[in-house]
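S.K.: According to TrEMBL, the protein has these features:
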| type | residues | note |
| --- | --- | --- |
| DOMAIN | 55-219 | domain 'G-protein coupled receptors family 2 profile 2' |
| TRANSMEM | 61-83 | transmembrane segment |
| TRANSMEM | 95-115 | transmembrane segment |
| TRANSMEM | 135-154 | transmembrane segment |
| TRANSMEM | 175-198 | transmembrane segment |
| TRANSMEM | 218-240 | transmembrane segment |
| TRANSMEM | 286-308 | transmembrane segment |
| TRANSMEM | 353-372 | transmembrane segment |
| COMPBIAS | 414-427 | compositional bias 'Basic and acidic residues' |
| REGION | 414-472 | region 'Disordered' |
| COMPBIAS | 430-453 | compositional bias 'Low complexity' |
| REGION | 501-521 | region 'Disordered' |
Amino acid sequence: MANRTAVNQCPPPFLQDVLFDLGGFVEGRLCRQLPNGITCCLPCPMTDWAYPDSFQTIGTAAQWVSVVGVIACVALLVSWAVLPVEKTFRHYLSICLTTAVLFMSLGFVIPLAAQPEECYDAITPHAMQTSSVCAASGTFLILGGWAGVMWVFLRALSLHLQICWQVVVGRNFMWFSQATGWGIPILGVVFAIVFSGFSFRFGSTCHINHKNSLADLWIPLLVFAGLTIIIQFATFGYCIKVYLASLADNSSSTEGSGLPSYTNSIRTMTPKQAYRRVRRVIELQWRGIAIVLIIITDVIFFSIVFVFQDNTVEAVKRDSSIASEWITCLFFNGGKKDLCLDKASPLVVNMPTVGAVLFLLAMNGIWLALLLGRWSMVTGWRDMLMGPLSDKNKKEFVSVDARLEDFKKDTRSYEMLSRDDSGKPMDEAVTPSVVTPVSPTAKLPLRSPSSLRDSGRDSANQDGRRTPDYFGHTARYHAPVRSFSSPRPPQTVTWDARETYARPGQNQQDEYVNPLGLNRI
């Protein structure tokens, strides 16, 4: 902390380094040695002097967007865990990618909730050893970034294998994905903590320090990001090739079928068949393709911006003459930063770019909810939460005063008691009416002898007010005599009049049958 026995010999707003101990992230100080041997340092945090006051507002707004992203990710994960698969269409690639984005978003939400002090003292930022919030936010940010890159890489690889190589990814690919999708990010976080560390260097979220950061984070991360882009564009190139080949295919044998002709293997597909197959896969996977492009673009954008900012700050530390105009301006204006912001602009990334990076990273959870979420999830939650209430309010088949509105809501109801607009009973409007005493003009339908024998049992339905119970009796199933489902020896076919509605006791070969009288009963 501050050494109160010494006197600051540096011009305002700068502070002399000997006034403070070696706690915090000492390498994060921005200091310059004067000709008289005194070392003066810029007060912490540096962003307060290089950016206008609105910079803090942009950072806070991006953190609140991250809160929305966290809520969206949690909603997706809970839906995938609770709702049935036919409602969510969950997949381990989507679940793991959402978890990775959740971790990355927590790296911005934790500082918003904790509101930590960014500085250990007046010139030194906090490090992960002196701030638990810094350690937590930095760990979640690096872990989420690494895992997000790995899972979009695996998703792009899975799509490439399915489209370009007709490989059906199965359980082996799943275990390979779990091992690499979480193993490599965990190793990356361990290497970043051991060889670099975290500190407050760019807003209220801790980022990796400059030492060894290229070797243990940025280069490996960008390598996998580059591989993802190469695989994705190779897949796009194959799709374009298949599409162009289908345009040149004049074969008529592929017009009527969307399936390949498996004479030898799937390689025998014609161009149009291959195009239809690729189109079906893309129609099913376009959400995943969009997620891959969005997240990989965000990560690459953030990496380039942060590495540029980090290298610029390190260049100023090595050669303070780069920032001499800005330092001189602060010295002559008594620390009024607003008068010197134009001199600081070449030393930092401009504020619109920084705001774009922060908001793009914060919106990843929202993009996941929009692209991986489905309306069936909403209906699934509605059915789950309203299920007990709807069971209590369900009407039983006991009413004789059913309303027309109830019938319109449930057309599958067997209780059709109201009347339609024409004045007919609803039974006659939907179900053919039967002969009743109140409908003498109704035509007699064609009925089997068994139904004629059972007509006495339907006397309760003869008032035309209730639909007959068509489901009360189960007809006996008679296995067909001549079945060709399996090989059988030749059989002698006989005809029994009792099995049909023909009148028995007649010789079909001797008696003349009038064709015009066949429709008589």
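Placed from the backbone N, Cα and C atoms, the Cβ positions cover glycine too.
Automatic, uncurated: that is what TrEMBL annotation is.
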S.K.: Have the transmembrane segment (353-372) and the transmembrane segment (218-240) got at least three CB pairs under 8 Å, pairs 6 or more apart in sequence?
M.R.: no
S.K.: Given a Cβ distance threshold of under 8 angstroms, which distant residues of the chain, six or more beyond its ends, lie next to the transmembrane segment (286-308)?
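M.R.: 93-94, 97, 101, 145, 148-149, 152, 155-156, 159, 202, 207, 214, 218, 221-222, 225, 228-229, 232, 349, 353-354, 356-357, 360-361, 364, 367-368, 371-372.
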S.K.: Could you give the mean pLDDT over the domain 'G-protein coupled receptors family 2 profile 2' (55-219), rounded to a whole number?
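M.R.: 94, rounded to a whole number.
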S.K.: Report yes or no: does the transmembrane segment (175-198) come within contact of the transmembrane segment (95-115), defined as 3 or more CB pairs under 8 Å with a sequence separation of 6 or more?
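M.R.: Between the transmembrane segment (175-198) and the transmembrane segment (95-115), contact is present.
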S.K.: May I ask for the residues of the chain that lie six or more residues beyond the transmembrane segment (218-240) and have a Cβ under 8 Å from a Cβ within it?
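M.R.: Those are 145-146, 149-150, 152-153, 156-157, 159-160, 163-164, 188, 278, 282, 289, 292-293, 296, 299-300, 303, 307, in sequence order.
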